[in-house]
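Novice: If you scroll down you'll find the structure; I have some questions about it.
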């Protein structure tokens, strides 16, 4: 059973401008500790796309839960990792989601400059 669907589109040049203005503050605002470690290992030319994808994904995830960022789920509550094949894996540590029945999150990310898009389906696990 589908709990919710969310999508978000990010203009990558918008993220570039924000990073130029706030090169240290912006990543710390949207990435949690685990993601910041991964971010630090990236080549500088990969920073913008990495941040744009995470921004779009986290917005789409919060929309799929019907709350939006800052109203039950925050940027740092969501961790985006990848499996060995590169498939996105989502972990959420939020009081809001702890009240929900067990669920899976299906995330698709795509970027083609100047656009990045995230699409999310949250599915209730039927036991």
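Glycine is treated like the rest: Cβ placed from N, Cα and C.
I grabbed these lines from Swiss-Prot:
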BINDING   8, 59  Mg(2+) binding site
Novice: Provide the number of Cβ atoms within 10 Å of the Cβ of residue 59 (Mg(2+) binding site), excluding the reference atom itself.
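Specialist: Around residue 59 (Mg(2+) binding site), other Cβ atoms within 10 Å: 22.
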Novice: Counting across all protein chains shown, how many other Cβ atoms sit within 10 Å of the Cβ of residue 8 (Mg(2+) binding site)?
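Specialist: Within a 10 Å radius of the Cβ of residue 8 (Mg(2+) binding site) lie 20 other Cβ atoms.
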